Amino acid sequence: MSQTETQENKGLGRKVQAFGSFLSSMIMPNIGAFIAWGFIAAIFIDGGWWPNKDLSELAGPMISYLIPLLIAYSGGRLIHEMRGGIIAAVATMGVIVALPDTPMLLGAMIMGPLVGWLMKKTDEFIQPRTPQGFEMLFNNFSAGILGFIMTIVGFKILAPIMEFIMHILSLAVEALVHAHLLPLVSIIVEPAKIVFLNNAINHGVFTPLGADQAASAGQSILYTIESNPGPGLGILVAYMIFGKGTAKATSYGAGIIHFLGGIHEIYFPYVLMRPLLFIAVILGGMTGVATYSLLDFGFKSPASPGSFIVYMLNAPKGEFLHMVLGVLLAAIVSFIVAALILKFTKEPEEDLEAATEKMEASKGKKSSVSSKLKGNEDNNATSTTASTSTSENNEEQSEEALLDNYDTENVDAHDYSKVNHVIFACDAGMGSSAMGASMLRNKFKKAGIQDVNVTNTAINQLPSDAQLVITQKKLTDRAIKQVPNAIHISVDNFLNSPRYDELLENLK
């Protein structure tokens, strides 16, 4: 494969990963609403833990109206802040009302960003042409007229299209289930998780289809396909017993983080360092899906994150053992296959650190969790190697120049006299950045720094008045473009960086 083809494939991979990140940014902030709806449905509907006719009436409107509107608002807000979100929610009512018996999550995921983009373009056209003194009139009427038009478009045009798409997808899923072929989906899902497509598959396909199934059947097996912690646990237990060196030593902590914390990316490097282990996770995933399919098991709401604790909380009444069996059998099969591979195949020269770098490169960004598998010296060496790699294309080189211009790795080069707010930013604004912000808050508390607030957010939601932004190096250029007037600091990983101690000294 030529260098040009390699760069094109790499660019395509990053675009797909970015698309998955955008879908995640619409769904993940609303997972709490899914969980609240799931609790209400699991507890109060007929056949629930404590059936209650009055309270069970909450479940239908929540999944039919509330959650699609929240998703549409989130999608519109990502494109054009609150104004885009509000009109996106208004327009989505057209799709919802046209198909009241089908949870319009997919429709909301399309309408939200689309209307947000249209609102942005409308404002860009109208605002420069608005007479002085008529700003409020033009702003309100332009938004109202766009909402009016797009609501009708949603009702008359998008709704029939979505009805057809949902029908085809539902038939495909049902056909796989009835033919007992749904486990074959793991052949795609498990490798995709380890590369970069997990967000696009889980939040773009399984969550909306699962919500549709759960609304009609009371539960959905689709919520278990990507989230089952069993295959990853089997891999890590195999390393605990048959692994060597760093991989064996770190597998114990990784197992806890993965199984109880639900952060699956922690086991990805262990698979990448022995590519034959893809077979183990695929067979483990297929086993879990087959088990749940045979037992007719499913969840009422998304199991996010994919933690065994979440699985226990989501398990329907009377089906706790079925839930455990699906996780256990998936872990056992994955463990057996992984153990055979580790025991009887030749160990490659590639180590855990190199595999971690490969995973991060394929995802197009650093991982704060998997970076715990690497020490300070290895991280610094990785950073140096990455910055001097001959495979970097012109775009990456321009990104490096941008970071140099902002002096993102020299903490002492900036003036912190007016800084009272530090923001950690990542793709979705919920996972790694939340852990980094929590860690820095603890450091500030121990150092007696009480007048500096530390929060986290998604990069595309950084406020325009941000003062100090901390991002992983691969994402810093995006943060700079979002808020060019802020101080930007790059770190190799959120949980382990010498930059924090330097920052403490400057803020004291």
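Positions of Cβ are set from backbone N, Cα and C atoms, glycine also.
Small disclaimer: the values here were computed from a predicted structure and weren't measured.
With respect to the membrane, M166 and I459 are annotated on opposite faces, judging by the topological domain names in Swiss-Prot. Feature annotation (Swiss-Prot): of 57-77, 204-224, 225-245, the stretch labelled transmembrane segment is 57-77. Range 173-193 is the one annotated as transmembrane segment, of 89-109, 173-193 (source: Swiss-Prot). Mapped onto DSSP classes, the topological domain 'Extracellular' (164-172) shows 9 helix, 0 strand, 0 coil. Within its own chain, the topological domain 'Extracellular' (301-320) has Cβ neighbours under 8 Å at 28, 31, 34-35, 37-39, 41-42, 47-49, 207, 210, 214, 219, 223-224, 226-229, 259-264, 295, 327, counting only residues six or more beyond its boundaries. When Cβ-Cβ distances under 8 Å to the transmembrane segment (173-193) are tallied for each of 31-52, 142-163, 281-300, the top count falls to 281-300. Recorded stretches compared: 31-52, 57-77, 142-163; the one with the most Cβ pairs under 8 Å to the transmembrane segment (281-300) is 31-52. For the topological domain 'Cytoplasmic' (194-280), the number of residues in each DSSP class (helix H, G, I; strand E, B; coil) is 69 helix, 1 strand, 17 coil.
The list of residues near the topological domain 'Extracellular' (53-56) in space but at least 6 beyond its ends in sequence, with Cβ under 8 angstroms from a Cβ of it, reads 40-41, 44-46. A Cβ distance under 8 Å defines the sequence-distant neighbours of the topological domain 'Extracellular' (164-172), meaning residues of its chain 6+ beyond its ends; these are 102, 106, 205, 209, 212-213.
Counting residues of the topological domain 'Extracellular' (301-320) by DSSP class, helix then strand then coil, yields 8 helix, 0 strand, 12 coil.
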